[in-house]
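Q: What follows is a structure written as structure tokens; I'll ask about it next.
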Amino acid sequence: MANTDFHLQFQEFEDEQGFTENNQGATTVTIDDPIKSRKQRKATGTAFEEEDDDDKTELLSGQRKSAPFWTFEYYQTLFDVDSHQVKNRIVGSILPWPGKNFIEVYLRSNPDLYGPFWICATLVFAIAVSGNISSFLVHQGQPKFRYVPDFSKVTMAATAIYSYAWLVPLALWGFLTWRNRKITSLVSYSFLQIVCVYGYSLSIYIPAVILWIIPNEGLRWCSIVVALCLSGSVLVLTFWPAIRDDKPRITTAIISTIVILHVLLAVGCKACFFSTYEMDPSKYHNEPSTATNTSSTN
Amino acid sequence: MAEVEESSKRMFAGLSDISISEDIPVEGDISVPVRSQNADDDFSTLDEPVKDTILRDLRAVGQKFVHVLYPKKSSALLKDWDLWGPLLLCVTLALMLQGGSADSGDDGRPQFAEVFVIIWFGSVIITLNSKLLGGTISFFQSLCVLGYCILPLTVAMIVCRIVLLGSISSISFVVRLIVVTASFCWSTFASTAFLADSQPANRKALVVYPVFLFYFVIGWMILTFSPSP
């Protein structure tokens, strides 16, 4: 009885490995489709999804970025994210959790460039649009003011934000790599992971910038402080494991640099694009009058 | 003989189990050799009058305009892509955003080159983004679709200019806001109707969002346009 039970027992096979290992005689054509296997994993239950992704990424992390950087496939690996992953990463960058490190929980050796690039682009256009709206609202009561859209704000905002999102991670990565030679810490981040963290940490500024349309100084400072606290703490929590083995002076120096640069970006954007007291009304008042003066004297 | 047949049957027995599971998308282009007939036609188009050649291209462009205005899930835009329509629309939009004033006092207004660069550079970046996310659409097809779907926004620009010929008041602003919002929604909907099929299913939102941002920026430029006195 026991023997026939063994032969009649239904054996569960895993997706591909089971077939190739156990059935040497059968010929099976398997087409590797990462999207299909990810869908199958999702079908088995989202509770296990994170662990499955973790296993898969750890297995493949050695093979993932093997394409040379001058091929298109290398950059495709940098955009290998789904919609829900991007959503999770944005939520994770807004809500700091003391135990969770953003890079370890959300990135897990799959940093992407989609988030940083498009969050920065959205922030640039949000600043330009909100700045124009707020200056329009400030000047609305003045009779001689004619609204002219200020397009140069876009280029200024783009330069500021993109250089912050790329040069600061570069400097930070260089500094951390240099310190790692002296003090081998267990945690070391790659350049793309640091860029990813910085890019996603800017996402809290988008609703803050939209709130800045309302020309109320108290509200603006309030939203700046809240946004700074949230994203600053995400950054600090992320980089703390990498530098806590270092000398205390260096540690505090790095943490304070990160925070100060973040503060400077926020305050600088507010000061440049959203000033409630405008120095410009005199310019708009003088131009038509000087034009008429010169035409009358001519 | 029979033994050889038997052994060969046993050898090939396993091949009957080959199965390709059905949810793997099999797609590609099969080009029917109708092209050879077109090659003969190409030789003969040298003899036809210029008016016929131009009218044929214009008719193709106009047909695509109609497809954009009534977007259905057809692949007419994708099959024969051309960039004449996008160029025409882009130049028209950039010229109309100039305001007709030659003075440089109001230099906050976007220059012709800025509008041009935003439209083309934005289209290229969105196309690259969709290809990096694993889209199957080709580079120029995507440029073609994004360019043609600017048509509703260009129509909105014309309407705004006409509305602004009257007085600049809050009523005109509300009318312009409604027109621009409607055409922005129309553009986004039309382009996603054409582009959505070529993206992997779990990344559609990632591809649609940049298109939304792109048309939002163009709509913003149209809405904030104010003519010089």
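Each residue's number is its place along the chain shown, starting with 1.
Heads up, the Cβ atoms here are built off N, Cα and C, so glycines get one too.
Just lifted these from TrEMBL, have a look:
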{"type": "REGION", "residues": "A:16-57", "note": "region 'Disordered'"}
{"type": "COMPBIAS", "residues": "A:19-30", "note": "compositional bias 'Polar residues'"}
{"type": "DOMAIN", "residues": "A:94-266", "note": "domain 'Yip1'"}
{"type": "TRANSMEM", "residues": "A:116-138", "note": "transmembrane segment"}
{"type": "TRANSMEM", "residues": "A:159-178", "note": "transmembrane segment"}
{"type": "TRANSMEM", "residues": "A:190-214", "note": "transmembrane segment"}
{"type": "TRANSMEM", "residues": "A:221-243", "note": "transmembrane segment"}
{"type": "TRANSMEM", "residues": "A:249-273", "note": "transmembrane segment"}
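Could you give the neighbours, burial and distances for every feature on this list?
A: Residues 78, 89-90, 92-94, 102-103, 107, 111-113, 115-117, 119-120, 122-123, 126-127, 130, 133-134, 137, 161, 164-166, 168-170, 172-173, 176, 220, 223-224, 226-227, 230-231, 234-235, 238, 262, 266, 269-270, 274 of the same chain, all 6+ positions outside the transmembrane segment (A:190-214), place their C-beta atoms under 8 angstroms from a C-beta of that stretch.
Taking Cβ pairs closer than 8 Å, the transmembrane segment (A:249-273) reaches residues 127-128, 130-131, 134, 153, 156-157, 160-161, 164, 168, 172, 175, 179, 201, 205, 208-209, 212, 220, 224, 227-228, 231-232, 235-236, 239-240, 243 in its own chain, all 6 or more past its ends.
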Q: Against which stretches of its own chain does the transmembrane segment (A:116-138) lie, if we need a Cβ under 8 Å and a gap of at least six residues from its ends?
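A: That would be 90, 147, 149-151, 153-154, 157-158, 161-162, 165, 195-196, 198-200, 202-203, 205-206, 209-210, 212-215, 269, 273-274, 276, 278.
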Q: Across the domain 'Yip1' (A:94-266), what does the pLDDT come to on average, as a whole number?
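A: The answer is 82, the mean pLDDT of the model over that range.
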